[in-house]
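Asker: Please find one structure pasted underneath; my questions will follow.
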Amino acid sequence: MSTEPLYIDKELSWLSFNERVLQEAADKSVPLIERVRFLGIFSSNTDEFYKVRFADVKRRILISQERGGDENAKHLLSKIQSRVLKMNQDFDTLYNEILLEMARRNIFLVNEQQIDDNQADWLKRYFRSSILPHVTPILLTDDIDLLQFLKDEYSYLAIDMKQGESSQYALIEIPTDQLPRFIKVPEAKGKNRKTLILLDNIIRLCLDDIFNGFFDYDSLSAYSMKMTRDAEYDLSQEVDHSLLEQMSEGLNQRLTAMPVRFVYQRDMPGEMIEKLSNLLKVSSYDSIIPGGRYHNFKDFISFPNIGRKYLENKPLPSLDSYHFVSARNAFEAIKAQDILLYYPYHSFNHMTEFVRQAAFDPKVRSIHINIYRVAKNSRIIDSMIDAANNGKQVTVVVELQARFDEEANIEWARRLTESDVRVVFGVPGLKIHSKLCLVTRQEDDAIVRYAHVGTGNFHEKTARIYTDFSLFTADPELTNEVRQVFSFIQNPYRPVKFNQLIVSPRNSRSRMYELIDNEIANAKQKLPSGITLKVNNLVDKGLINRLYQASSVGVKINMIIRGMCSLIPGIPGVSDNIKIISIVDRFLEHPRVMVFENNGDPEVYISSADWMTRNIDNRIEVGCPIRHPDLKQQIIDILNIQFSDTVKARILDKSMSNEYVPRGNKRKIRSQIEIYDYLKQSEKKRQKQASLKAEEIITENNENAA
């Protein structure tokens, strides 16, 4: 057995994933505006990393101090700091390169020093009419409790009001909740250039308008800063508090949680840095990072294209499923055969239409659905309310602890309850992450159930940018087990057995071990064996060890991992039969798929669960077998296309260097585009087959009539 390390720290692996996002911003084959937006995605990911991953490491250190210290966690913290600083330097360099690329195309993102007098006059008028009403400075006195005032999601300008040798400090919140971050600046007629300025820089331009007449100063200087808080919270254990009340109290904790990161403009004076650090109670275990002139780069995800269309990705119109559009209604389509959709290539409208029809169909008796994240103006929620108004029995399982969507889900729960929808909050201690919908219909004398099992959320917006599978089925075995999942959620202590579905925490670990062990047994007997896995994260050591066992006896294992991966491929005698790639492209790779060779009769599953301990043991997750041969083959084909990617696939290994898969003599294959073309041809083929079948029926009828 090798003495090499067997696992990569998940936090370092996560940072490696974010480096792959930064690679997209650096890739000159990516349209320019999309590169800017990838900078925003990188920044948003970094914020979440500090709120969740970094904060967790810090808590481990603080807790362990009482038990003699945790040197491993401290060492990990040091590695994180070093890697983040390097990534931030790369980010700043890349941002400046992209600004130059934009300028070559006559698009300018300027600061307050780079405008002419006419533009300055226009911006000052805009400031006084639109910005000033939203600006109120916070004075940094010695007795201020700054942590009570600062918001986690916001960027601030730290103001130095200098008079002689003394300084008075203040903070100004950049009011991006009220105003756009990017403002188009008018250009003189005849100038072939387009100009944008950040809201931050308009405020810098107009500092005198804010402070003059209230304070004495010789000069005003502004420096950007932001703070990131720990996103963890504790739920009240008061027995007389409802879960809604407990969650509301928990979210209030998050608003005043301790900081884990303080980012400041690189040229901020040392005295100001010290003052802010003291007021923010920044500890030695927090991340204190010098940065550029701008923070909250996540706003760049929505960077406007004021240039030509070619600066953005070419649209890929979503595909209609022939099975759905050719049927009189969704239920007729699903009853005829299982239907598999792959978003965003397929239209999510099929899902919203499925529940819309269920809301008014007189044959529908009940609807069950579980909600984790939904869109701001959710048609799914609207349909549940419509169904209740139409007398259907509607049960909506709302997960109140969906990270960063808690507040929205609390509001959805209240709105649904007010509309006489039965709202269920699920099992104490088990976050509900499955993606299920069940419609029960009275058809003549029979009860027929229609189910949806998916890998992604019922979210119209993310369904346009996240790749996810949705299975629609009327298979009695599957729909009955989906019904049992909803029963388990409402009655968690009632015994229930699943033969088809893989359900956490009931049978996921044991079932997945069985599936891997079956491949191990086949490999030992020289029978066809193999495992193909596609997930977002692979960090559960029990499952990793089982994969190591499989590899060590010759099972070929191919994996596509988007995010964290603690498994190390290529260890002699341990994982030399394991190969891993990661794909980062215009769509976020989100589905969870498992394929087991099973002696030449592949078993294919889609699932809501990543291979993480929390998903396997501490959440309600559902994996579903794909039973229709054509749909199984479709998933296998899609995975094979991804493994053939020579443009966007990176190699995951212990070096975490994110080297691109070498192209060699192969043609350029960009898997997301190839998959779109594959599915487009598949839908055309279905339509053609249906037309030929219809012609055969007409011919046969004519012959019989003659």
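Heads up, the Cβ atoms here are built off N, Cα and C, so glycines get one too.
Please treat TrEMBL annotations as automatic predictions, because they have not gone through curation.
TrEMBL lists these features:
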{"type": "ACT_SITE", "residues": "H433", "note": "active site, phosphohistidine intermediate"}
{"type": "BINDING", "residues": "N45, Y466, R562, H590", "note": "ATP binding site"}
{"type": "BINDING", "residues": "R373, R403", "note": "Mg(2+) binding site"}
{"type": "DOMAIN", "residues": "585-615", "note": "domain 'PLD phosphodiesterase'"}
{"type": "REGION", "residues": "683-706", "note": "region 'Disordered'"}
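Walk me through where these features lie, including what they touch and how far apart they are.
Answerer: Within 10 Å of the C-beta of H433 (active site, phosphohistidine intermediate) there are 22 other C-beta atoms, taking all protein chains into account.
Counting only same-chain residues six or more apart in sequence, the Cβ atoms lying under 8 angstroms from the Cβ of R562 (ATP binding site) belong to F17, V535, N536, N537, S582, I583, V584, L588, E589, H590. In three-state terms derived from DSSP, R562 (ATP binding site) belongs to neither a helical nor a strand segment and is classed as coil.
A coil conformation is recorded for R373 (Mg(2+) binding site) in the three-state DSSP classification, outside any helix or strand. All protein chains considered, the CB of R373 (Mg(2+) binding site) has 19 other CB atoms within 10 Å.
On the 0 to 100 pLDDT scale, the model's mean across the domain 'PLD phosphodiesterase' (585-615) is 98.
Secondary structure of the region 'Disordered' (683-706) per DSSP (helix as H, G, I; strand as E, B; remaining residues coil): 23 helix, 0 strand, 1 coil.
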Asker: Return the count of C-beta atoms lying within 10 angstroms of the C-beta of H590 (ATP binding site), excluding that atom itself.
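Answerer: For H590 (ATP binding site), the count of other Cβ atoms within 10 Å is 21.
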Asker: Of all the binding-site residues given, R403, Y466, which residue's CB has the most CB neighbours within 10 A?
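Answerer: When each Cβ's neighbours within 10 Å are tallied, Y466 tops the list.
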Asker: Tell me, by DSSP, whether R403 (Mg(2+) binding site) is helix, strand or coil?
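Answerer: The three-state answer is coil.
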Asker: Using C-alpha atoms, which one of the recorded positions R373, R403, H433 comes nearest to Y466 (ATP binding site)?
Answerer: R373
Asker: Please report the Cα separation of R403 (Mg(2+) binding site) and N45 (ATP binding site) in Å, rounded to an integer.
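Answerer: Pair distance, Cα basis, whole Å: 14 Å.
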Asker: Sort the residues of the domain 'PLD phosphodiesterase' (585-615) into helix, strand and coil with DSSP and give the three counts.
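Answerer: Grouping H, G, I as helix and E, B as strand yields 6 helix, 13 strand, 12 coil.
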Asker: Using the recorded ATP site (N45, Y466, R562, H590) as reference, state which further residues of the same chain have their Cβ within 8 Å of the centre of those residues' Cβ atoms, listed in sequence order.
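Answerer: In sequence order, the nearby non-listed residues are N536, G563, L588, E589.
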